[in-house]
Amino acid sequence: MENRLWLTLGISLMAMLALTNAYTHYRLPTAIKPDRYKLKVITHLENPANLTFNGQVSIRFNVLEETNNITLHAQNLTIDENRIQLKSYGDKKYRLCKESVQTVTEQDYYIIRLCQPLEKGQMYKLKLYFSGILSEKLHGYYRSSYVAKETNETRWLSVTQFEPASARAAFPCFDEPNYKAKFIIWMGHHKSLTALSNMPLEKQMPVNGLTDFIWSVFEESVPMSTYLVAYTVNDFKYKESKVEGSDVVFRTWARGDYINQCDYAAEVGPNVLKYYEEVFGIPFPLKKVDEIAIPDFSAGAMENWGLVTYRETALLFAPNVSSESNKQRIAEVIAHELAHQWFGNLVTMKWWTDLWLNEGFATYIASLGLKNLNPEWDSYNADSLDNSLSIFRRDAQLSSHPISQPILNTSQIGERFDSISYKKGSAVLRMLHMLLGQEGFFEGVRDYLMKHKYGNAEQDDLWAAFTEKAHKFDRIEPKYDMKVIMDSWTLQTGYPLVRVNRNYETGAIEISQHRYLENNTISEEEAKKCWWVPLSYTTPNELDFENTSPKVWMECDESGKSVPLKLENVVGPQDWIIFNIQLSGVYRVMYDMDNWRLLNATLNSDKFSSINVMNRAHLIDDVISFAWSGYHDYDITFDVLEYLTKEREYLPWKAALDGLSSVIRLLRPFTEQHDYFKTYLRYIIEPIYYHVEGLNNSLEATKTHSGILLKSLVTGWACRIELEDCVQTAVNYFQQWKQTKNPDEENQIPADLRPTVYCTAIRHGDKDDWQFLWQRYRASNVATEKRTIIVSLGCSRNEKVLRDYIDLTFDKAEYIRTQDVTFAFSSIARSEVGAPIARDYFAQNLAALHNFFGPQSTDLGRLLSSLSSQIISTEDFEKITQLIDSNKEYFKKAEKSVQSAYETINFNIQWIGRNVQDMKSRLADRLSLMGLLKTHVDA
């Protein structure tokens, strides 16, 4: 029986005493668990000078332990203390009174202290009235706008972004992921606008007392965490789609001017969702999915259940304007967000410590979704390689962190949305998939999802599911379990370098491991680390690059030390051996020099393609990285790289050019060395450049997806190292475009070549060229094109132009949206001319930049990252450390970014000291032997 008596709460004389007993722990007390929210929000968009919202929330909750307070979250909200109401359910009746209300700003707590305790086992309902301002920052419940093309009128909309901890900025709530509850959401808005939320619309009715306002009432939700609650009020249009065999209706929303760019996303979503339903064996539990492109959006996208929000660049595709890589990116993001509907939404991590269970899974499962959607793209291997390249660099730093690491304050959560959680999480799951096989992996996934659906889990729950399948399918010995194996990959920072040392007389191979570090130093603590490493390998006699199952394991003993491993007679003395088939494991492999020479001989022969393309890419990345970090010199690296003159596949080129980008960046200030290196690169790249027919819009080179990506990659580098044909063709393209009568409608530059053409033309052009491209940015209604232009404008070598551009970037009266300023800044910062300009701007405007992004943002860390990669002198290092040390409060959300930046700069300085003169003599000798230098210049 429900007690319907609402009790008025009065303030006690004990209020002042209560203030001295503030609860300041970073986690909510566990005495109360919410069961259902009824949320009513009225949004006012009619007056741009006063964009506000107000509402009420009724929270039904269970009391798990007797308590005399209700502690929940609220941030930047005005809560009417005089209207707080509390109601009890059941036969027992209580006289409930309020002793005091207290806020703890540091943890965003709103604490209601009561005269008498709430009883364990009882259910209550709390009702709060609140109001707030639609935020100008891109989190919480915030404002966005766009200019309608036909009327030139500014249109306002509102939208939420709650992950990780901003639901509290929209309504009072228990804002932690383990407090799942059902939600009934009522959105009050002007009748000319549309309201959307997680669930389908149930009904509409007038709002009493507000002319022309209506309530949009949505169905009760499934149980979900507060960070997944979503709603928006807008005037958008949509395209509807569904796929045969599924009852789920998709609606792809965008501003009216952009609706014709929704077709591709409308096709991808339903097909990917259906694939997930089939492989997970769990139907999607909602009737609809709304996918909406938001003009101002901080993340790439957000997986809110049933209402997925996106940046416009991540959802909208304009044929003949957006590129093939844009298309792949859109499909990847959609697949990622829809994978979250199971990994994150259906089953949610208990706390942000295990964020990777959301993001690592969504990243890996998305690569499988994309493979199913477009098998001809070969995107699975490309994604796998890209993930490995990213984490091999970031996780080689001492400032990296484990995949699963305790989060001890909400301020630490934002920085965990990084390559470790996403890409290393994905790479570890791929390794697990290859270990367990298709059947074992997906049986484990299904069991995990079924056991924890609508609930929360931690990584040990996942290991339990996979251990059972590993034993069932005989993938590991009965005495082992996946927790012991996988904890070595998720609970410690870094990854192993597997050293392979062969005795060519006895046939023995000794294998050892230690952590791979970019700076090639191993502390006593790091030396103790051990991973359970699944070792797959093949030889020229076998040439079995299909079997990725481990032939042997590198094990750790009970004390956590690596167990020595020795193999006997697995390869002849004249043959190479390759470990880590198809890069199935997350580790690098360091061979002895004789094995490298044997590999090099095959690579530089007409039999190079007998080595699997993923392993060719892996060998290239390893051999570049070992020289970069000082594990061996650059001669063996240059020897191996020369085989690239014959390579015609995308993945090895991707590995090579990604790896060499850091070398060319650090050599830029040293003119002679830089020129030598560009000459060497032109020798390597010229054959593939002409193979893909340069910047010509040829059908042959662009008939496959990977062919288009290869052409885009190679031509971008050819122009960067000033291959004459590339530069001249790019400039000609651009000048012909400038001369068209209507350049906004008549752009003949192939979409996939525009980043290269635009950047090259701006780098070699004048201020008039820059202004022309800036006007195209302002006129464009294609988000992907605008992003390309933003980055290309930073390619200028004119100091005055770059200074004006950086000022314009952070001028809110101008046209670059907050979400895009980091791209503009980074483009300037990463150029030789722009680096000091960006550095000075950062130092002189740090307080303004912090205010620009807001205290919740991690974007200052992103700016610092782009600056640090260019700092190569001790003097500049000291300046940046002094700046940060004297402004520590600005970097509370970017502690890891600061540590990484310092480590990057230190390494830059060390690398230059170790390599600049050595590189000069090595390159001069090599180029002379090749006949590419007329005279030898002594070092």
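Glycine is treated like the rest: Cβ placed from N, Cα and C.
Residues or ranges marked as active site, proton acceptor by TrEMBL: Glu337. The Cβ of Glu337 (active site, proton acceptor) lies under 8 Å from the Cβ of Glu291, Ala301, Met302, Glu303, Val308, Tyr310, Ala362, each of which sits 6+ residues away along the same chain.
For His340 (Zn(2+) binding site), the count of additional Cβ atoms within 10 Å of its Cβ stands at 25 [all protein chains shown]. The annotation Zn(2+) binding site is assigned in TrEMBL to His336, His340, Glu359.
Sequence annotations record features per position, and here TrEMBL assigns domain 'Aminopeptidase N-like N-terminal' to 33-228.
Taken from TrEMBL, the feature domain 'Peptidase M1 membrane alanine aminopeptidase' covers 264-489.
Summarising the annotation, TrEMBL assigns domain 'ERAP1-like C-terminal' to 576-905.
As annotated by TrEMBL, signal peptide applies to 1-22.
Around Tyr422 (site 'Transition state stabilizer'), the C-beta neighbours below 8 angstroms that are at least 6 residues distant in the chain are Trp356, Glu359, Gly360, Thr363. Here TrEMBL flags Tyr422 as site 'Transition state stabilizer'.
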Under 8 Å by Cβ from His336 (Zn(2+) binding site), counting only residues of that chain that are 6 or more apart
Ala301, Glu303, Ala362, Thr363, Ala366
Using a 10 Å cut-off, grab the number of neighbouring Cβ atoms around the Cβ of Glu359 (Zn(2+) binding site), all chains included.
25
Would you list, in sequence order, the residues of this chain other than His336, His340, Glu359 that have their CB within 8 A of the centroid of the site's CB atoms, where the site is the one recorded for Zn(2+)?
Glu303, Glu337, Ala339, Phe343, Gly344, Asn358, Phe361, Ala362, Thr363, Ala366, Tyr422
